[in-house]
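Chemist: Please see the structure below; I have some questions.
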Amino acid sequence: MFRYYFIALCVIIADHAAKWLVSTYMKIGQEIPLIPGVLGLASIRNRGAAFGIFQGQITFFIIATTVVLIGIMIYLPKAHREKTILRYGLALILGGALGNFIDRVFKGEVVDMIQVHFLHFPVFNVADSFLCIGVIIVMIHSLKESRDKDKELKEAVNKK
């Protein structure tokens with residue numbers, strides 16, 4: 001069970017280490033090309049959600065994130081009993097959400113630093129990345145579980 005909280009903690013540490021490095025060694029608005037025209041390291045401050053949406057809605061984000069975090073903390077022990085990828089997805093969501101939550105509570109903004117040029121994608125951070133990966137894992141699990149239940153239902157109907 002503690003493995004999943006450890007995964008979340010590792011996400012938070014990686015996120016805050018990246019944010020600290022960018023905040024310490026780069027000026028706001030500065031960009032360092034890593035792969036010219038493809039990928040860069042930027043120093044941006046974001047008062048909104050992932051990818052810059054809902055700018056300035058800090059109270060909303062603190063409340064919404066608190067609800068999500070409580071939900072995950074309640075559900076994770078139940079998911080731990082299942083041998084599925086769901087618990088890993090929840091751990092990544094927990095770490096990503098907490099990484100940005102800590103910044104919003106204490107600084108009123110998050111540091112975004114990953115700039116993907118070829119997709120014309122908004123600048124994002126490590127927490128956003130893990131949060132999105134976690135959501136994808138949860139969606140895959142949900143689709144697989146739904147498909148398995150449909151299969152069981154069809155088998156039960158065919159036996160009659």
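Quick reminder: no glycine exception, Cβ is built from N, Cα and C everywhere.
Not my notes, these are from TrEMBL:
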TRANSMEM  58-76  transmembrane segment
TRANSMEM  88-106  transmembrane segment
ACT_SITE  Asp112  active site
TRANSMEM  118-140  transmembrane segment
ACT_SITE  Asp128  active site
Chemist: Return the single residue from the active-site residues list (Asp112, Asp128) that has the minimum number of other CB atoms within 10 Å.
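Modeler: If we count Cβ atoms within 10 Å for the active-site residues Asp112, Asp128, the smallest count is at Asp128.
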Chemist: Using the alpha carbons only, what distance in Å do you get between Asp112 (active site) and Asp128 (active site) once rounded?
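Modeler: One finds 9 Å between the Cα atoms of these residues.
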Chemist: When DSSP is mapped onto helix/strand/coil, what comes out for Asp112 (active site)?
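Modeler: Strand, per DSSP.
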